[in-house]
Amino acid sequence: MAGSFAQLARAAEQSRDTMLVPKTALETPPLEIHTLGAEVLRQSARRIGKVTEQTRELARDMLRSMYTAKGIGLAAPQVGIHQQLLVIDLDLENAATPPLVLINPEISAASASIDTYEEGCLSIPGVYLDVVRPTAIELSFRDEMGRPRKMKADGLMARCIQHEMDHLNGVLFVDRVTDEAGLQKELKDHGFQRQHVQSVS
């Protein structure tokens, strides 16, 4: 049965296998987050065959790097590792709230309703532009212990999951921007090049 993010979070809180790491910035994050123009961001990620302690430690290092960069989501390809692994935390202020770890995520359904919302990305710092996405999704994935899970998400959580899952296919949010003038201005203002955007229909 699909559960909400809150239900999954409560279940994680009640177990010993949470992925809690301090939600504070480190002087030197364990992983480098690659930025627009890096070829590693355009490569597809591979499914993870077996979830191991090495997988969990990668997720922890991703969280440490994400918190240091003050982000709410990070995909393994952003740190140069082409595995289907995402970490998300929409509650950065609450140290006790566990993050969400998604391994081999697959969207099984998306709402017909769509909305437009401003997105940013740790791989394109400073750039914020509107992107259209389905309002709600249903997905299946494995958690940090390798257990199969199902989940329904809407609002910011649905958008964040879709954004991070794009990274697994070498797609960045700027590829989905339809405001060409705004895109060119934002990229130029923050030192990025339009030629590194690969627009998708």
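Every residue, even glycine, has its Cβ placed from backbone N, Cα and C.
Annotated Fe cation binding site per Swiss-Prot: Cys121, His163, His167, in sequence order. According to Swiss-Prot, the active site annotation covers Glu164, on the basis of sequence analysis.
The Fe cation site is set by Cys121, His163, His167; from the centre of their CB atoms, other residues of the chain with a CB within 8 Å are Gly73, Ala75, Gln78, Glu119, Leu122, Ser123, Glu164, Asp166, Leu172, Phe173. Within the same chain, the residues at least 6 positions away from His167 (Fe cation binding site) whose Cβ sits under 8 Å from its Cβ are Leu41, Ala45, Ala75, Ala76, Pro77, Gln78, Leu86, Ser123, listed in sequence order.
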